[in-house]
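Quick look at what Swiss-Prot annotates:
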ACT_SITE  E12  active site, proton acceptor
ACT_SITE  D201  active site, proton donor
BINDING   G78, I156, M177, E178  substrate binding site
Amino acid sequence: MTIGIIGAMEEEVELLKNSMPSVEEIVIGGAKFYVGEVAGKEVVLLESGIGKVNAALGTTLMADRFKPEVIINTGSAGGMAEGLAVGDVIISDRLAYGDVDVTEFGYTYGQVPRMPAFYQGDAVLLKKAETIYREYFAASENKAVYGLVVTNDSFIMRPDQHETIRTFFPDVKAVEMEAAAIAQVAYQFDIPFLIIRAISDLANQEATISFDEFIHLAAKQSATCIIELLKTI
């Protein structure tokens, strides 16, 4: 089984890359692929670049060239739900775009025409993750939560951005900039996927400071959770 793992930034894939005993690096159209083993599993690790287009391009190349049987997205996110703290992990059961609006033609806000309004994470992988992380976080000050992640081509920190997202997605747990695009490509290629992100900031006016300070912690939390999951796949 080949497992595809995608992170947007070098910081988000570094720990996983460094855990590979040997690595083959392949660059296609600016997307950096690292082929090797993680936790004894054959892995294609992608550093896609930031944003929806980079994520979709890289995921499409991965699906076409490397034929992964599962795709997992790692990285950081901004927490939107009450009670979330930096270092907590969000496992997404649903994903949506927060900056797509063709409601004039009868579509749901966030829905790309002829695509689902929400992309569903793989139920089997979600169940595995839930079982593993309940035990993993039992002795930790952090926690794993499950729910809706909303993707925007913007770094979310302003009150007006919050208001728009909460108006259309009142149950949103976290926001970030790639996951729904990855999910859409996985959906179109019929590849099971799972989104695992760690909270680097609380998507507020202190978000830029928090992100810069805690991106490495968030990347470590997310990558460590993925390694634990790989042991069970």
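Glycine too: its Cβ is placed from the backbone N, Cα and C atoms.
A distance of 13 Å separates the Cα atom of E178 (substrate binding site) from that of E12 (active site, proton acceptor).
The sparsest Cβ neighbourhood within 10 Å, among the listed active-site residues (E12, D201), is found at D201.
Here is what falls inside 10 Å of the CA of D201 (active site, proton donor) among the recorded positions E12, G78, M177: G78. M177 (substrate binding site) falls outside any helix or strand according to DSSP and counts as coil. Cα-Cα distances to the residue listed as 'active site, proton acceptor' place none of the binding-site residues G78, I156, M177 within 10 Å.
Taking Cβ-Cβ distances under 8 Å and a sequence separation of 6 or more, the neighbours of M177 (substrate binding site) in its chain are A8, I50, G51, K52, A55, T151, N152, D153, S154, F155. For the recorded substrate site, residues G78, I156, M177, E178 set the reference point as the centre of their Cβ atoms, and the other residues of that chain within 8 Å of it by Cβ are A77, T151, N152, S154, F155, V175, E176.
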